[in-house]
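Participant: Below is one structure. I have some questions about it.
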Amino acid sequence: MGDALLDMKIEDWKHIFKLDPAKSISDEHLDLICTSGTDALVVGGTDNITLSGVEDLLGRIKGKHPIPCVLEVSTMDSIIPGFDGYFVPMVLNSRDKKWMMDVQHQGIKQFQSLIKYVEILFEGYCILNKDAKAFQHTNCVMPDEEDVLAYAYMAEHVFHLPVFYMEYSGKYGDKELVKRVKEELTDTKLFYGGGIETLEQAKEMKQYADCIIVGNSIYTCFEQALETAKINEERTV
Ligand SMILES: CC(C)=CCC/C(C)=C/CC/C(C)=C/CC/C(C)=C/CC/C(C)=C/CC/C(C)=C/CC/C(C)=C/COP(=O)(O)OP(=O)(O)O
Ligand SMILES: O=P(O)(O)OC[C@@H](O)CO
Ligand SMILES: [Mg+2]
């Protein structure tokens, strides 16, 4: 476990960059991401996640940049030691128990002896973009507002999850819905991810979500994506 974990207070995180191990990023861009003012890096994606892709990113970040670096696990065989923490998605709106319960159950059986040595956090995912790879991969059903609010309730009051993640991966989401969900949560933190390409969008969603996650735009409009970390410059103490 890296030293950065000692400072890893996810309840204070406002901005995260999510790096996809299946995509390539130059050293120059990676350095700029690490020094952007973001609170943490999450390494994760849905498809083509390989051990070597994860190892490559970890090796290029750790030891070089003092920033928390978390693996968001999506496959069993790409879990490696060395990250400051591990996030495990549980897909609440999947039609299949597999993506909410079974893969995690299998993972705990396999890694139980190691789990006590790492920082691990389970995320209640609600995937809200029907075109997202993760939506299709996990056979999700599109929830309406009432459904989303009930999933948020379950995340907080039934499963006592530390994070409820409104995942619009690839699409800018419904800010009114994010606002409604935030109003219902007390202890569970609200993560929002999806389609953030500009500082204005980052600021808008950050009004409601506790933490925003910026992923794809790192690979499609780098300079603008980098700017989104500026929401942390306006942080009040
Ligand atoms: C020392 C050591 C190695 C300790 C390890 C301890 C540890 C971490 C144990 C974990 C045990 C465990 C519970 C394992 C479970 C692993 C597992 C298979 C979990 C499944 C998670 C899951 C439901 C994945 C489905 C896909 C998903 C929801 C991914 C989330 C991320 C996401 C939506 C990314 C966006 O995807 P992207 O590829 O960017 O998509 P776009 O192309 O649309 O942008
Ligand atoms: O890739 P984007 O659309 O920025 O979404 C970020 C993150 O929520 C993906 O898991
Ligand atoms: Mg992506």
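Numbers run from 1 along the shown chain.
Any Cβ shown, glycine's included, is placed from N, Cα and C.
The sn-glycerol 1-phosphate binding site annotation in TrEMBL covers K18, Y165, M166, E167, Y168, S169, G170, G195, G215, N216. For D20, T46, the entry in TrEMBL reads Mg(2+) binding site.
Quick one: where do these features end up spatially?
Facilitator: Every protein chain shown contributes to the tally, and the Cβ of G215 (sn-glycerol 1-phosphate binding site) ends up with 23 other Cβ atoms within 10 Å. DSSP assigns G215 (sn-glycerol 1-phosphate binding site) to coil in the three-state reduction, placing it in neither a helix nor a strand.
T46 (Mg(2+) binding site) falls within neither a helix nor a strand when secondary structure is assigned with DSSP, and so counts as coil. For T46 (Mg(2+) binding site), the Cβ neighbour count at a 10 Å cut-off comes to 18, with all displayed protein chains included.
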Participant: Can you tell me which of K18, D20, T46, Y168, G170, our binding-site residues, come within under 6 Å of ligand 1 at the Cβ?
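Facilitator: Cβ under 6 Å from ligand 1: D20, T46, G170.
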Participant: List those of the binding-site residues K18, D20, T46, M166, Y168, G215 whose Cβ lies under 6 Å from any atom of ligand 3, in sequence order, or write none if there are none.
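Facilitator: Cβ under 6 Å from ligand 3: D20, G215.
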Participant: Calculate the distance in Å between the alpha carbons (Cα) of K18 (sn-glycerol 1-phosphate binding site) and T46 (Mg(2+) binding site), and round it to a whole number.
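Facilitator: About 12 Å separate the Cα atoms of these two residues.
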Participant: Can you list, in sequence order, the residues of the same chain other than K18, Y165, M166, E167, Y168, S169, G170, G195, G215, N216 whose CB lies within 8 Å of the CB centroid of the sn-glycerol 1-phosphate site?
Facilitator: N129, A132, K171, G193, G194, I213
Participant: Do you know which of the binding-site residues T46, M166, G215 end up with C-beta under 6 Å from ligand 2?
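Facilitator: So the answer is G215.
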